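Handing you this structure, nothing more for now.
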């Protein structure tokens, strides 16, 4: 690593024109002519790109790729929903819906091409526009809004065409309950539609053909029995509503019910055709027979639906009551076990408390006994110590008295000896005073000078004579002292 910070800084600021980016730069140079707001002179003269340009470019590329993936996923999901909602028995409606569902993909080609064009020229736009992140976000939001509006218009168009398509058969009094039931089953049970569609459509076609022939033959008799038919239609509508309410909660029974209704529709259509053919030549009273048969069949359906409702209610009540009973039993068992556990715990705690109190009482009594024993032992030890001290004191006093007596005797003997010695010294002094001279010490005289003065020489023998005569032990004498000179 170099020690010069400026060299490293300038080295990191060199132009980014490596061999790995040559292909990308060639594509950028080809597309630069199409950008009118690009300043080519500044790009060629610029040697040092702005700092963090590669980081911003990678960030923009990741954002655009992520937005494209999210947009494609949302587009495919919307197409799948539209295709599932737009499936109709008529081939003409399917073809028209498929052509319209293909239009968003064609319309989305232009914004995708614009995104590819923008990704190609992103590196060139970095040099002239160092901060295009906000414009890119605005561009993405505008494109998403346009795509959403296009998809909404296409879906609205398809729903309008579906609503304008003609009905595949007439809603007569004979098959009105079946048609309402089929519509309700198609809306509530979506997952079983594809399985039972082919079988149901075949049976429905037979019913439609027979019903159409019957209606064409009985056109003359419709005016006579219009009022009666209106009342029958109202009754059929109420019956169909009841059957719809019964078929909402059973998905598994819808398949068998559609199969049964298909066969029933075929039979009703055939009967209607026969009755309508004879109604052209008979009176108005004869025209009411198919309605009677229709009412009988509808009453039979209502009875079946009522039985199914009873069975469903019984089964539903059993399904609801069984978990409740089980839950109550489990909760009761848990409550019993919990109460027993709490009771045992409380009994155990009481016994533990009693045992603890007894133990504490025993410990307290034991402590009291030990304290009493300790106090007794202490008193005994103190008494023995006192007696021992008294004995020691008495013995000590006796020994002191003996010693004092001995000392007194010794002192008395010493005094006697001292007295005798003093008497002897006094006698000797008296003897010396009777046969010698007296000298009074003056000034700085000492025994040596006194011996020279009286004996003519200061020999040790002369000095010792003077000492012995005066009872002196040393050479110390004082002024004014009288000394006997032998």
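Backbone N, Cα and C atoms are what each Cβ position is placed from, and that goes for glycine too.
Annotation comment: Swiss-Prot describes 1-40, 103-118, 126-160, 180-199, 247-259, 299-314, 361-398 as compositional bias 'Basic and acidic residues'. Per Swiss-Prot, compositional bias 'Polar residues' is recorded for 64-85. Residues or ranges marked as compositional bias 'Low complexity' by Swiss-Prot: 204-225, 233-246, 278-297, 403-431. Look at Swiss-Prot and you will find 2-204, 341-486 tagged as topological domain 'Extracellular'. Here Swiss-Prot flags 226-319 as topological domain 'Cytoplasmic', drawing on sequence analysis. Residues or ranges marked as transmembrane segment in Swiss-Prot (evidence: sequence analysis): 205-225, 320-340.
Can you tell me where each of these features sits in the structure?
Residue counts for the compositional bias 'Basic and acidic residues' (361-398) under DSSP (helix as H, G, I; strand as E, B; rest coil) come to 38 helix, 0 strand, 0 coil.
Mean pLDDT for the topological domain 'Extracellular' (2-204) in this predicted model: 54.
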Treating G and I as helix alongside H, and B as strand alongside E, what does DSSP give for the topological domain 'Extracellular' (341-486) in helix, strand and coil?
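The breakdown for the topological domain 'Extracellular' (341-486) reads 115 helix, 8 strand, 23 coil.
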With a Cβ cut-off under 8 Å, give me the same-chain residues at least six positions beyond the ends of the compositional bias 'Low complexity' (403-431) that come close to it.
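For the compositional bias 'Low complexity' (403-431), the nonlocal Cβ contacts are 469-471, 484.
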